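Record features (Swiss-Prot):
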| type | residues | note |
| --- | --- | --- |
| SIGNAL | 1-19 | signal peptide |
| DISULFID | Cys26-Cys38 | disulfide bond |
| DISULFID | Cys32-Cys50 | disulfide bond |
| DISULFID | Cys37-Cys78 | disulfide bond |
| DISULFID | Cys60-Cys86 | disulfide bond |
| DISULFID | Cys80-Cys96 | disulfide bond |
Amino acid sequence: MRGAVHIFIMLLLATASDCAVITGACERDIQCGAGTCCAISLWLRGLRLCTPLGREGEECHPGSHKIPFLRKRQHHTCPCSPSLLCSRFPDGRYRCFRDLKNANF
């Protein structure tokens, strides 16, 4: 009987150690800090995380450009940083790229 109790306790400890603490979880953009948005996680279904705005060369979604977005964002990427545009490249993907129309040369 005593051996069964020890096994039960060991099983409880083993299952309790397989957990993770997730920081930066959010529901909407207003819960995130400056320079971030609340985007869907690629790794955990149903989880949204405060994610940095897109930097030059990073993938983006052309329909995801408003900050703060008042509802739940449906994309895993944030809009591009303010000085960048979400542009389509020859390979068909969208990436953050400098807005050359507004550049000061």
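The backbone N, Cα and C atoms fix where each Cβ goes, glycine too.
This view paints the features noted in Swiss-Prot onto the structure.
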residue : record         : DSSP (3 states)
Cys26   : disulfide bond : coil
Cys32   : disulfide bond : coil
Cys37   : disulfide bond : strand
Cys50   : disulfide bond : strand
Cys60   : disulfide bond : coil
Cys78   : disulfide bond : coil
Cys86   : disulfide bond : strand
Cys96   : disulfide bond : strand
What whole-number Å value do you get for the CA-CA distance of Cys38 (disulfide bond) and Cys50 (disulfide bond)?
5
Report, in whole Å, the straight Cα-to-Cα distance of Cys86 (disulfide bond) from Cys96 (disulfide bond).
5
Whole-number answer please: how many Å between the C-alpha atoms of Cys37 (disulfide bond) and Cys60 (disulfide bond)?
13
Quick one: of Cys26, Cys60, Cys78, which disulfide-bonded residues lie within 10 angstroms of Cys50 (disulfide bond), measuring between C-alpha atoms? Sequence order, please.
Cys26, Cys78
Cys26, Cys60, Cys78, Cys80, Cys86 screened against Cys32 (disulfide bond), Cα within 10 Å - retained disulfide-bonded residues:
Cys26
Cα within 10 Å of Cys80 (disulfide bond) - qualifying disulfide-bonded residues among Cys26, Cys60, Cys86
Cys60, Cys86
Does anything in the same chain, at least 6 positions from Cys26 (disulfide bond), have a Cβ under 8 Å from its Cβ, and if so what?
Cys32, Cys38, Arg48, Leu49, Cys50
Measure from the Cβ of Cys78 (disulfide bond) and count the other Cβ atoms within 10 Å, all protein chains considered.
27
Identify which of the disulfide-bonded residues Cys38, Cys60, Cys86 has its Cβ surrounded by the largest number of other Cβ atoms within 10 Å, counting every protein chain shown.
Cys60
Looking only at C-alpha atoms, tell me how far Cys60 (disulfide bond) is from Cys78 (disulfide bond), rounded to the nearest Å.
7
How many whole Å apart are the CA atoms of Cys86 (disulfide bond) and Cys78 (disulfide bond)?
10
Surrounding CB atoms that lie within 10 Å of the CB of Cys50 (disulfide bond), all protein chains:
18
